[in-house]
Ligand code: GLV
Ligand code: MN
Ligand code: MN
């Protein structure tokens with residue numbers, strides 16, 4: 001039987017408005033200027049984050065989209081469809097930014113999603129399904145030590161009590177502050193269990209994001225379609241040694257926690273490189289991105305060090321075998337240096353696979369615009385990793401200049417952002433029409 005495709009009105013992405021709004025959002029930061037690009041630090045539930053949230057709400061209000069926030073601050077901007085009882089189609093990303101980051105990570109997906117909805121609405125589209133833009137809380141692990149906090153809670157993969165007890169890692173955090181106290185202060189109350197959305201709540205999820213890697217640019221491809229997302233894991237190590245006077249404590253008597261921590265870091269690097277050499281890939285990556293030294297004085301031998309490890313792989317078993325090798329080294333390091341090394345588990349996630357139907361919808365949108373897109377793996381994690389637990393998902397990637405991200409010189413061109421937004425709009429329109 002022949003089916004009639006719904007007519008999609010011609011629509012325009014307002015590239016200038018999108019660029020202007022990205023630049024305006026980038027001013028909501030409290031970071032020293034950078035010589036190489038726009039530096040942004042916007043940690044969740046800081047005043048910059050609240051300013052950004054209020055500003056976005058204002059933009060959504062202007063369009064008549066309804067706004068709802070859940071107990072962790074995930075915020076849902078909804079354009080009601082002709083049949084509101086049907087599962088909605090959703091898009092979204094994050095606006096929090098790690099310290100001294102750039103202005104495109106996450107923000108392109110939020111403002112691009114809003115622009116896509118506005119453009120379709122202005123063109124007179126009447127979607128059958130509702131379309132929602134979701135601003136997800138704390139995709140970055142800066143404040144609470146675990147990434148994708150909001151989408152984990154939506155997907156029910158993070159226990160609510162554990163989430164509420166996550167300590168506030170901000171350098172000036174109040175003693176005993178946790179997610180529970182910080183979110184309440186931010187005005188997001190109620191049990192975290194209520195953030196959970198059932199599988200099927202959304203009929204599909206599409207996230208627009210910068211690639212954050214070099215492949216699209218290198219291969220001259222205008223866009224990417226993400227077919228899977230590598231599996232991240234996080235651990236914290238606390239190394240306890242014995243402190244003392246930097247002049248008087250003799251070298252043979254030392255149990256320096258920072259020296260032991262250095263060996264742990266190098267062990268992680270060594271086993272990661274060995275895993276890549278064995279697999280003939282570069283799929284295993286590991287980073288110790290923070291190192292807190294106590295008491296942190298130049299003339300005091302470090303007595304306690306805390307490290308945060310971020311380790312990822314397309315193959316979670318290989319990631320775990322690197323961890324096993326590191327643990328074996330740790331036993332030796334702690335014995336030889338007479339220190340204790342405690343490992344704390346933060347998260348160990350599975351890779352996510354895109355939904356075939358969503359990938360196909362993006363491919364069809366690209367074909368309609370005569371765009372050839374690269375199917376690719378995302379090595380960065382995204383909220384889509386967790387939205388995949390409750391809905392079929394896929395992501396649209398746009399090229400990142402020199403593959404740079406999490407730095408002030410992160411850059412994607414206005415044309416690429418507008419193109420990605422156009423493909424997002426076409427995809428959302430298509431998915432919301434059936
Ligand atoms: C996201 O910011 C990531 O670290 O992959
Ligand atoms: Mn990021
Ligand atoms: Mn991101």
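Backbone N, Cα and C atoms are what each Cβ position is placed from, and that goes for glycine too.
Per TrEMBL, Zn(2+) 1 is bound by 94, 105; the candidate from 201, 209, 245 named for the same site is 209. A gap of 14 Å separates the Cα atoms of residue 209 (Zn(2+) 1 binding site) and residue 140 (Zn(2+) 2 binding site).
Cβ packing within 10 Å was compared across the binding-site residues 105, 140, and the lowest neighbour count falls to 140. It is 406, among the binding-site residues 94, 209, 406, whose Cβ has the fewest other Cβ atoms within 10 Å in the structure shown. Confidence over the domain 'Peptidase M20 dimerisation' (233-331), given as mean pLDDT on the 0 to 100 scale, stands at 98. Sequence-ordered, the extra residues of this chain that approach the Zn(2+) 2 site, with Cβ no more than 8 Å from the Cβ center of 105, 140, 406, are 97, 98, 101, 102, 106, 139, 405.
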